[in-house]
Amino acid sequence: MFDTGSSDLWVPSTHCHSPSCLMHNLFNPHKSTTFKLLGNPVDLIYASGRINGVLGQDVIQVGNLLHFNQTFALSQKQSKHFFQNAPFDGILGLGFPSLAIQGTTPLFDNLKNLGLIPYPLFAFYLSFRKENGSVVMFGGVDHSYHTGKLNWVPVSRTHYWQITMGRISMNGKVIACKCGCQAILDTGTTFLLGPSRRIAKIHRLIRARPFESLQYTVPCNTTSTLPPLIFTIKGIDYPVSAQAYIHENSEGLCYSVFRNGKQHENEAETWVLGNAFLRLYFSVYDREKYRIGLAPAV
């Protein structure tokens, strides 16, 4: 998974015997003639679980891009159910170097620093339909994946891909981020995360009821009547329809993608805009000018 919310590259290894590893393709370092064991122990923590392992180096290929001696982590233990049924095996982080473990250089930074890509940016088109497929672009932008022009927003903090947001509204009323707030664009999560009080207010407005495992549900036949949630960024409105913020699972249950985010005391109000937002808006991440471009996806 290509993840803008982290900066490390890791894959499950043949030394991992956790159930969540055994469901996936495993990297066998003994079968690689170019692998070099660094041995440094690593402990990576994500919202949905954690991995323990060691650092190593090898040749990494992404599409037609090759980088030799890329440092990455090999998981040797993973927490229960961590990505067990996920369609991907590991994570390739695309956040800033300040997020990387033990001062390692992220893959994108190596591609950029060595001049292996024509322009120091990457972009995401995340499709709603599996048959269409999603696209990640390195070093350039295919503008056929969005409509209109890209609206550029400066990065407010070079740690996550973080920007300043103006307000959040529903039914013509500002319901959150009244004095401005921060937003992190994160391809590594499906959810829209915010302060618990604000999330509770949204759930009241859409009349969602608590279910289990922090989920809130609505009757599926009401989705078409629910209002959009509008994020205003640099004076431009980015509506998220109920069809995007209400998901129906395989059991016919319709649940909201709003979740409580981690909010520290005295910290600016912060939201995480995951794939419920990013499937609607094509996004470009520019490491030269430290900005993010957004435009409606096709």
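For all residues, glycine too, the Cβ spot is worked out from N, Cα and C.
All annotation found in TrEMBL is predicted automatically rather than curated by experts.
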Ask   = Do you know which of Cys177, Cys179 TrEMBL records in a disulfide with Cys181?
value = Cys177
Message = With the cut-off set at 10 Å between Cβ atoms, which of these active-site residues ends up with the most neighbours? Options: Asp3, Asp186.
response = Asp186
Query = Taking the disulfide-bonded residues one at a time (Cys21, Cys220, Cys254), which has its Cβ surrounded by the most other Cβ atoms within 10 Å?
reply = Cys21
Query = Does Cys177 (disulfide bond) have same-chain partners at least 6 apart in sequence with Cβ under 8 Å from its own Cβ, and which are they?
reply = Met165, Gly166, Arg167, Ile168, Arg198, Glu269, Trp271
